[in-house]
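To start, the structure itself, in structure tokens.
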């Protein structure tokens with residue numbers, strides 16, 4: 001573990017209950033969920049979440065290291081806080097997450113006004129590090145080299161009353177040449193199925209309707225259990241999906257991300273046969289060129305990928321399939337790029353997260369010859385975007401006239417106030433902006449509505465025909481009351497002492 005670094009930091013500690021915090025999150029769903037844990041830790045230590053638009057006494061950056069612009073964004077935001085830190089020495093700044101794990105030796109050099117640097121393996125140390133930095137007037141840098149405590153054993157202050165992330169594993173055993181995540185998050189460690197289901201049950205007991213199972217590679221779940229007494233089980237993920245289907249009150253189950261190399265038919269069968277598993281699949285492709293996939297060490301080829309898509313659609317005809325794509329991987333030729341366009345055209349993705357290759361120091365791909373010129377990458381990227389936008393619009397236009405069930409959400413529609421619409425997600429994950437009509441004041445985030453699609457755009461659907469059904473839910477009650485679920489149910493790694501009691505359920509029956 002990296003030890004303390006001497007650096008002038010904050011002054012004596014004011015009363016914790018009077019101090020506020022803000023967590024700023026960059027990156028993937030794993031980071032979003034980790035930020036919920038960071039918030040839970042700080043609230044458990046006596047700090048209060050800062051109000052909207054207020055200057056917080058403690059600002060925590062939970063960082064991403066996947067792309068170069070994440071570095072630039074972090075240090076730009078840190079520089080914006082420097083004048084405030086200078087005028088208010090009691091303010092504290094903490095940097096955690098993947099970028100902190102990677103840049104442990106340089107964060108303070110680039111931003112010496114930072115008080116705490118912590119990594120991906122020791123997020124539970126944040127309150128103690130803040131106290132130590134404030135008491136000793138010494139900035140704290142503490143980076144663990146291996147997981148100290150399974151993160152889900154930590155308290156989590158959830159962002160939503162109706163939808164929740166549930167980690168089934170941390171880390172990754174794959175060796176994709178473009179990805180730095182395994183080096184920063186470590187080897188895969190899986191939670192026991194019973195512990196995952198206990199957390200899901202706790203969330204449902206508090207009114208949550210939708211959970212998303214999280215892992216870097218959910219298809220590998222079951223081969224690296226944290227508990228050495230738990231037998232390896234390559235069919236564990238399909239069994240976990242089916243077990244979620246037996247939890248009364250859990251209406252929607254999603255998962256991310258699977259890996260094409262290990263995606264098996266038992267998972268497809270579980271998806272098709274478990275009613276609350278949503279008809280959606282996010283399956284990263286990255287490239288349609290077998291030559292580039294080999295250079296990426298992706299362990300599958302385009303034919304296998306397309307075969308999975310065909311089998312999913314045969315079992316779940318209306319499944320919405322999304323993907324990740326990288327343009328401009330080192331050595332990519334026009335022929336390779338055309339192969340990607342061909343697979344995208346054949347796959348008919350409802351949407352895609354498309355990225356220009358970003359060279360990351362510490363990854364094998366960064367050392368490869370034939371780095372593609374930026375102008376070439378940009379031109380190819382635009383062609384891919386144009387193709388996928390056309391496909392997305394065609395796929396969404398095909399939804400017009402269909403009846404959809406929506407879980408009403410908050411923060412999904414930037415123009416909702418101007419258009420008098422609300423927003424929600426269909427069971428297949430599509431974003432729908434809908435007109436609530438005369439009952440609009442009665443519809444709350446967390447409620448469930450049924451409406452008919454009347455219009456389409458590449459990234460969303462419109463439903464202006466009014467509501468067919470509106471069901472008030474406990475999640476909607478909780479949102480209206482400003483209540484959010486909390487978890488921290490002991491999970492998958494040995495712990496000391498008895499777990500805290502589960503929170504009492506609130507709200508009326510659904």
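Cβ atoms here come from the backbone N, Cα and C positions, even for glycine.
Fair warning: this is a prediction, and the values are worked out from it, not measured in the lab.
Annotated features, as they stand in Swiss-Prot:
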| type | residues | note |
| --- | --- | --- |
| DOMAIN | 19-135 | domain 'MTTase N-terminal' |
| BINDING | 28, 64, 98 | [4Fe-4S] cluster 1 binding site |
| DOMAIN | 158-394 | domain 'Radical SAM core' |
| BINDING | 172, 176, 179 | [4Fe-4S] cluster 2 binding site |
| DOMAIN | 397-467 | domain 'TRAM' |
| REGION | 477-510 | region 'Disordered' |
Among 98, 172, 176, 179, which are binding-site residues, the residue with the most C-beta atoms within 10 angstroms of its C-beta: 98
Fewest Cβ neighbours within 10 Å, where candidates are the binding-site residues 28, 64: 28
Residues flanking the [4Fe-4S] cluster 1 site, with Cβ no more than 8 Å from the Cβ centroid of 28, 64, 98 and excluding those residues themselves: 26, 27, 30, 31, 63, 65, 66, 70, 97, 99, 181
Cα-Cα distance linking residue 98 ([4Fe-4S] cluster 1 binding site) and residue 176 ([4Fe-4S] cluster 2 binding site), given in Å to the nearest integer: 17
Helix, strand and coil residues within the domain 'TRAM' (397-467) as assigned by DSSP: 11 helix, 29 strand, 31 coil
Rounded distance in angstrom between the Cα atoms of residue 179 ([4Fe-4S] cluster 2 binding site) and residue 28 ([4Fe-4S] cluster 1 binding site): 13
Distance from residue 172 ([4Fe-4S] cluster 2 binding site) back to residue 98 ([4Fe-4S] cluster 1 binding site), taken between C-alpha atoms, in Å: 14
Additional residues around [4Fe-4S] cluster 2, ordered along the sequence, whose Cβ is within 8 Å of the centroid of 172, 176, 179: 174, 175, 178, 180, 181, 182, 216
